[in-house]
Every structure is written in structure tokens, then in C-alpha cells.
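Feature annotations, courtesy of TrEMBL:
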BINDING   W58, Y149, K284, S318, R404  substrate binding site
BINDING   G116, A117, D255, H319, S320  pyridoxal 5'-phosphate binding site
MOD_RES   K284  N6-(pyridoxal phosphate)lysine
Amino acid sequence: MSEQANQEWLARSRRAVWHPCTQMKRHETLPIVPIARGEGVWLIDFEGKRYLDGVSSWWVNLFGHANPRMNAAIADQLNRLEHVILAGFTQQPVVELSEQLGELTGLGHAFYGSDGASATEIALKMSYHYWRNHGQTGKTEFVSLQNSYHGETLGALAVTDVPLFSATYAPLLRASHRVCSPDWRLAAAGEGAEAYALRAAEDIERLFQARAPQLAALIVEPLCQGAAGMAMYHPAYLRRARALCDQYGVHLIADEIAMGFGRTGSMFACEQAGIRPDFICLSKGITGGYLPLSVVLSSDEIYAAFYDEDVTRGFLHSHSYTGNALACRAALEVLAIFRDDKVLAGNRAKVEAVAADFALLAAHPRVADARQLGMIWAFEVKEAAAGFSSRFFSAALAKGLLLRPVNNTVYLMPPYVISVEELQQVFATLRALLDEGVA
Ligand SMILES: *Cc1c(COP(=O)(O)O)cnc(C)c1O
């Protein structure tokens, strides 16, 4: 445990590792943070300095780092079976997980990938292939929302609307359609979130009227567009989208990769709209932040369209680690913790307990559009200059708080094991940072 160890890992990482989503040259001045170990909501460096993981390690961690219960489940599985090919073989964790996810979502036929982006690819390919198996070969186009994020492989990037990530690769991407975002911050003065959501949904209808025979699916991030900067919207939008997809014969893909597993307050965000999508994509929190795993669940009708004597009508898609037994076992333990610890109710109680603290932060003169949904808190910082996000990141880090603002949006998306006192401390730290004038 020393300053020297920190420096050494930092230097070796800079030389050997190409870090994600990063202009590496920036690390000439912005230090990489070497983490020696984790403990609950805390990440600890080689000097023993502690950072509260306010972004759940990129939205994946639910029950803390080095969680004893998660560790024990994975260790137990490790001694039985780490992995087996899933084509033509099966194992206990993948069967049990598929059954449980089916019960929770009302969809089934769990098809596994390793990362969120691969789940998006699977859903897009399945949707197109479904229509093709029904003789509707012209349905080849996809629709996503403005400011959407669905991952960064080429197919997923084509339905992602974040120019910083997609513009460079535009010549490689298949054109797809964008419809108006229901983000309530875009509402007109005096227009409520619900009225605006319904007005935004008119854009779907205009497109469907014009092009439904060419459209395979509409893909949405239910209730909150995470990468857009926690852009939250009214569930009426999802109900309207569901009705329009039914009316015009277009699939609805719910990308709950970030919002699933309790993040929005319900197990899955779609529940708050009372709708069932045709496909649901899950990843991130699915293993509690332990192992890469993603899954696409679909309706019986979708599955039936592939079930045939003809091999090519089947879904001939695979990843080497499909249905990895260790990852599935981690996911089963996550679901068991949700049940045993009544996690959703516990989170609701925490949100209530810190409501006054968040209100105090929301009232800060530099804060705009403060919002909360389940275990997500977000706001914009007024008068933020270019480069705000990295300055705020560094200032928060110096105070032992790991945050990654998106432009001038500061958000907190902590592991669910965070305590009320820790949440209060985070809000106090945020107020201190704003008072100090970090801009
Ligand atoms: C993170 C994310 C993805 C991509 O998941 P990866 O595991 O990073 O590939 C897709 N959709 C949404 C909504 C996400 O937040």
C-alpha cells in the first residue's frame, strides 16, 4: 500500500492498456486511478484512499464490491462447472436463470450474449428474421429515439444517437430512423411530462404511417435514456408506443440493459407503463456487476416463427461464452438477493429517507432540472463551461466520490447497498462542490 504502487500501476496501465471511451493522450495529465480492492460501495486504491462508487462501476454493480454472498455463490459454481458449450448442451444455472427471467418479464426463450451491445444485435437480427420468416422481407429498417444509446458495435451503433460515438463511423453504419425523444426537459413551457410524452409519440405515428412496411422494430430505453444524461420520461410514451407498434405491425424492443434489475424502482422499467415489449434486452446489473452476461427474451410468437424443419429459419447466431455457467450462477444469486432482502422495498425506503437532502441540493442556485427515478438522481449544472465533466470528475474524486458527469449533467447511480448516511454524505459533497464553484 503506497503512493509508489499507485504510480507504478498507473504508468504500466498507460503503457499496456488501451482504456475504453478515452482519448489516451488525456492521461498525460488526467491520472488513471488504480484500484487495489473493493468493499461494498467503496473502491480502494494502493494508498488506502477510498472512493464511493457513485456510478456503480458503469451501471453494473448492484450489491457492492466483494459482496460475500455473491462471492460464495460464484466460488461454489466454480468448483462444479465454469462453462460448457451451450449449443447442444445445457447446465443447471442457465436453465434456472432462464425460467426465473421468463417469470419476471412475461417473455421467454432466453437467448444469451456477453455484453449489452451483443443483446442489441441479437434483438435487431431476430426482429428482421422474424419478419423474413413470415415472408415480409421488406421489413429491414429500425427506429430509435433521438439521443438513444444501445451500444457500440456496428449494428447497435446504427440505432445509437450520440454523435460523439457514432459520427466518426457514419460511413460504416446502416441508416436508421430517429423519432423525437420523450425526455420531459424538452417539453414546452407549461406542458406537463405526460402531455409532452404523448406529443413526442405523434412522431412515431407519422413515421409508421409513412413507412411501416419497411420497418422491423422500434427500440427504446424504457423510462430513462441513460447515456443521454439520465433523460427521464413519462410512462404514457411506452403505452402509446406499444399501441402504435401493435397497430402498424412493428416490433417493440425494450432495451433495459441499464434500467432493468430495479434501477428505475420496479424490477423492470416497462412494468411502470404496464406494457410487454416483443423483446427485452438485459445486461449490466444482471450479474450484480461481477461477470459479463446479456440476454434477450422474446414472446412465444417470435419464437414460434423460427421453429421449423428448415435450418435457415432458425436463429443461427452465437457467442463463444453464450450462457456461461459462472455468469448465470451470479445472476441467479442477484435474483435471490432481490427476493431475500426485499431490495425494491428497501430502495424505496432509502429514496424517501434522503428526499429532503436531495430537495436541498435541487434548490441550489446552480442546479437545474433536478430529477430522480428509482436509484438514479440527476441534475444539470448551470453555467458549466466546456470541459466541465472532467473538472467535476476530478474535483469529486479528490473528495472521495467517483462520478462521471455527461456534459453538464451530474448523476448519481450508486450500488443498492449504499446506506442512507452515505447518500446524505454524497448530496452534501455535491453541494460543497457547487459552492466551491467547480464549473
Ligand atoms: C450500456 C448500454 C448498452 C451497451 O451495453 P455494453 O455492455 O456496454 O455493450 C446498451 N444499451 C443501453 C441502454 C446501455 O446503457
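Every residue, even glycine, has its Cβ placed from backbone N, Cα and C.
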Y149 (substrate binding site), number of other Cβ atoms within 10 Å: 25
Integer Cα-Cα distance in angstrom, K284 (substrate binding site) to H319 (pyridoxal 5'-phosphate binding site): 17
Binding-site residues whose CB lies under 6 angstroms from ligand 1, from W58, S318, H319, S320, R404: none
Binding-site residues near D255 (pyridoxal 5'-phosphate binding site) (Cα-Cα within 10 Å), from W58, Y149, R404: Y149
DSSP three-state assignment (helix, strand or coil) for K284 (substrate binding site): helix
Three-state secondary structure, D255 (pyridoxal 5'-phosphate binding site) (per DSSP): strand
Cβ neighbour count (within 10 Å, all chains shown) around K284 (substrate binding site): 28
Length of the line joining the Cα atoms of Y149 (substrate binding site) and H319 (pyridoxal 5'-phosphate binding site), in Å: 22
Distance [Cα-Cα, Å, rounded] between W58 (substrate binding site) and A117 (pyridoxal 5'-phosphate binding site): 14
Around the Cβ of A117 (pyridoxal 5'-phosphate binding site), the count of other Cβ atoms that are within 10 Å: 22
Listed binding-site residues (G116, R404), ranked by Cβ neighbours within 10 Å, top entry: G116
